[in-house]
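Enquirer: Taken from TrEMBL, the feature [4Fe-4S] cluster 1 binding site applies to Cys29, Cys65, Cys99. According to TrEMBL, the feature [4Fe-4S] cluster 2 binding site maps to Cys175, Cys179, Cys182. Summarising the annotation, TrEMBL assigns domain 'MTTase N-terminal' to 20-138. Feature annotation from TrEMBL assigns domain 'Radical SAM core' to 161-391. Per TrEMBL, the feature domain 'TRAM' maps to 394-455.
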Amino acid sequence: MAIDFKEELKNMNIENMGKQHFFIQTYGCQMNEEDSEKLSGMLKRVGYTKTEVLEEAGIIIYNTCCVRENAENKVFGNLGELKHLKKKNPDLIIAVCGCMMQQEGMADKILKKFPHVNIIFGTHNAYKFPEYLNRVRTEGVQVKEIFNKETDIVEGVPIDRQSDVKAFVTIMYGCNNFCTYCVVPYVRGRERSRKSDDIINEIKDLVGKGYKEITLLGQNVNSYGKELEENIDFAKLLRKINEVDGIERVRFMTSHPKDLNKDVILAIKECDKLCEQIHLPVQSGSDKILKKMNRHYTKEYYLELVDMIKKEIPDVSLTTDIIVGFPGETEEDFLETLDLVERVGYDSAFTFIYSRRNNTPADMMLNQVPDADKHHRFDRLIKAVNDGVIRSNKVYEGKVVEVLVEGPSKNDETKLTGRTRNGKLVNFVGENIKAGDLVNVKIVRAQPFSLIGEV
Ligand code: SAH
Ligand code: SF4
């Protein structure tokens, strides 16, 4: 049974919420971005207005990430800086939420170090934010509430989306994989999937509002539906979504290589709306390291999967996540990763230096890699990835591609910006074109991180 947010809101007793500006800062991944869109949606529903100016806000929210240590450090730094704002405006309400709060002892550490924080909540009870805010406003108390276990899925939370053209749609929450370096399963709980009808209804609603593209989100989308009563899996869900009239493009992330199967690849091949793009985090090219990471595949298996994908979906763009400096990684192991990067030829890759996370198995492993080696490998990895990206972009010079227009380019107002079906960023010149249009653009030049074109 899902929790119905509208019912929850009725019980929250929030008549006198006041009218203020709120500022929200999001750290981390797309799931956090989507969570922030929901926090923002809830606040707008109870009468608040969003601002991009920190100093203007009566409420400041930090939605945190703890996947790597540097994400945490940023939050600490920024919370410290809020001290002077709070001094100037004692009524300012500061809320901290998200993955970092689910870590044992973290909330208390924050309250001790930053007593000016008013509200702390975790990933499982974000839907109660309006209630917490109301308590702080009316009772003047400090609120700290964190559920250490996942709740039922909450449906009906209003979402204040960042874009008018493309939208995130979460299809499942949590992760059961327990990769040995990763905190996500601890802070996001076990896998649970939304009912397909709820997903389809959300997408139909988006079509009604003029959205053209959706990205389905989940830590491991290929596990979708496993615990649902209905007869569905991820490939079936994709085919069902493809039937929704009015949506032009469908993407998804993230796929675990051990779970991405032929049914999904064939769905992408056969369904016109499913974009030719797969995010397939490999993490490492060394079998020894993959085993220590608890990833359940080998380099050979991954490369065979890539071959199959490329054979079935010729224009496919492949992206990935890679970690260097996992405990026990030797130069030879790292060379296996470089070799894999060269053989796959990724269209882009998120590259990370391994970060020790408390209470994860990898943190307890011997043979932690010295920082200098990590950095040396990281630099070489980035070069290898970029060489591949430039090669894959060059192929587009002279070709005509379909671009979904997102609006003016951020760096150059004279140009428009958008993406190809397989996710390449295109900046181009054109007239009488607006966000949401699909246009054919001729690529005149390939750059390392974007393509330059004209209509
Ligand atoms: N569920 C997704 C994403 C999880 S977090 C997946 O499995 O792909 C996003 C990425 O952060 C991971 O793919 C991994 O490359 C990286 N990451 C996670 N924990 C990390 C750690 N402790 N140190 C460095 N990178 C890490
Ligand atoms: Fe973390 Fe692995 Fe789950 Fe991804 S699949 S969220 S890397 S534990």
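Each Cβ is built from the backbone N, Cα and C atoms, and glycine gets one as well.
Surface or core, plus neighbours and distances: that's what I need for these features.
Expert: Here the Cβ of Cys29 ([4Fe-4S] cluster 1 binding site) has 19 other Cβ atoms within 10 Å, regardless of which shown protein chain they belong to.
In sequence order, Gln283, Met293, Asn294, Arg295 make up the list of same-chain residues 6 or more apart from Cys179 ([4Fe-4S] cluster 2 binding site) whose Cβ falls under 8 Å from its Cβ.
In the predicted model, residues of the domain 'TRAM' (394-455) average a pLDDT of 93.
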Enquirer: Using the Cβ centroid of Cys175, Cys179, Cys182 as the reference point for the [4Fe-4S] cluster 2 site, which residues of the same chain not in that list have Cβ within 8 Å?
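Expert: Result: Asn177, Phe178, Tyr181, Val183, Val184, Pro185, Gln219.
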Enquirer: When you measure from the Cβ of Cys99 ([4Fe-4S] cluster 1 binding site), which residues in the chain that are at least 6 apart have a Cβ under 8 Å away?
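Expert: Long-range Cβ contacts: Gly28, Asn32, Thr64, Cys65, Cys66, Val67, Thr123, Val183, Val184, Val187, Arg188.
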Enquirer: Would you mind splitting the domain 'TRAM' (394-455) into helix, strand and coil residue counts from DSSP?
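Expert: Reading the DSSP string over the domain 'TRAM' (394-455) gives 1 helix, 31 strand, 30 coil.
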Enquirer: From Cys29, Cys65, Cys99, which binding-site residues have a C-beta atom under 6 Å away from some atom of ligand 2?
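Expert: Correct list: empty, so none.
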Enquirer: In three-state terms from DSSP, label Cys99 ([4Fe-4S] cluster 1 binding site) for me.
Expert: helix
Enquirer: What is the separation, in Å, between the Cα atoms of Cys29 ([4Fe-4S] cluster 1 binding site) and Cys182 ([4Fe-4S] cluster 2 binding site)?
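Expert: Taking the Cα atoms only, Cys29 ([4Fe-4S] cluster 1 binding site) lies 14 Å from Cys182 ([4Fe-4S] cluster 2 binding site).
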